[in-house]
């Protein structure tokens, strides 16, 4: 008997129990859940492929042997006299068929999609172990993906038929993760896509193509061309080796036809992982080596995620790889997950087989918590009955009270309604309502009326609340118009201000302050920068000039104390009003210091630091003495502006010191 057949009776009883109403499904929506969803362990199945004829080692005995429908043993590489035993949820031997694997492990989880829950199927294993064959299969032996889509579409047709409480729709998306890039296989020109997470923790990919499908022919029309876009390549171990992780995402949307008009969304992930590779045996070079590195890195992060979940670490490294980020729901998330570990019997694959079995054993301990993704449809949330105090604030409620009491005192004549649209004629005055939404609400009201539902119609709101709602909408429209007018006025004012600033050639906030004319009544505005002894000497001599610095505008200028008349506006530059004898003496003293002074003596000059002093000494040793002070500009690192400030600071100081020493 085949391994799948021996397990089938017990498995059917198990799944029959799991699919009973209330067993294995959580009636909690993601928003407002009051209790924690029940746990669901990741189920692991191992498939052993048969020997590949015509390859090396095909005649050798296998290194793996199945013990029963759930366990297997493999030789211990540390001690050849012993074997390593593994226990899983299911084991499929070399003679197992595609139908055995699908019916035993994958088919039972499809029912959870109709309950608004997520499900995942992952094919894991080394390169050449048969993962793609398990997921896709062949025209003669279809794999998991075509079988699951055929059954799922049949279920949605049955559950969404006329007269059933739910209307169902199915969409598909197909992508691959190639060298840490998310590529849309249905639209290859879209480029690298990003993975996002919404406010409720759901993983989504903006811009990913979604194709609606209603039959298996629709699925094949989209899936087969997209499969040819997947990246494959030839290696020593596999002529058509998958060079990327392929993910088929199928969404099942359900909308309730009757009140309370709930909606559910279930997602099915069908994932064909690329196989881990030993580049010493595959012979990868160049691009194949780069692809292999990206594949092994993502699978290594996948192992880290599983270990972190098993150890209960506070941080799970989902974001370290695009693959684990996308599988966040499947491992430790909210999905019913099935891991199909594919292994090879050849002894040359022994280390890869042991690694795959160890990963499968660790994945078996991961706990997920599936729940029902359920919410109310958006159009049902609109017509919520609120009291007048909730609709309007206290001031508005007072203003709205008068007209309502007048309407109550003089009721309008009631006309016999001919249809549902005449009942809802007051609502058609709301200019903000979308015509398509209004038509949909009218059709829902007619549907309830045709089914003879008891109670008030869906959209028949009492007149008092309806008038309050209409008045609120009108006031909001007026407020919006007032804000728009105010915004236009502010924009016009800003444009006028910018035009005025442009005409004045400078911003208004940066206009220079007007200078006040200095008169003789305020001589204290002048600042003396000469030594005190020199000032006393010049004050004692009636014909001597006292040299001062005065701040005019933003520059300082040399002036005489005798000039007390109002001065004209001068240029923005320094004016040295000093006797030629003192000026010549100061320049000669600087020249002597430049030619004879050491680096330490040169640092006594203003504007000369240690670095410039060393440059001057080096230049003097190389080119000889300076002929004039202006030759200092030839020294590297001294600019013209620095030379000008150097002369102004040092000549005035040396000249003042000479006058002070003479006194």
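Cβ coordinates come from backbone N, Cα and C, glycine included.
The annotation ATP binding site is assigned in TrEMBL to 125, 126, 127, 128, 129, 130, 131, 132.
Here TrEMBL flags 473-500 as coiled coil. Taking the coiled coil (473-500) as a whole, pLDDT averages 90 in the prediction.
Under the heading compositional bias 'Low complexity', TrEMBL lists 410-422.
The domain 'Kinesin motor' annotation in TrEMBL covers 41-366.
Annotation comment: TrEMBL describes 391-422 as region 'Disordered'.
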Just checking, which of 126, 128, 130 (binding-site residues) has the fewest C-beta atoms within 10 Å of its C-beta? 130
If you draw a 10 Å sphere on the Cβ of residue 131 (ATP binding site), how many other Cβ atoms land inside? 27
Residues other than 125, 126, 127, 128, 129, 130, 131, 132 within 8 Å, Cβ to Cβ centroid, of the ATP site? 49, 238, 275, 342, 344
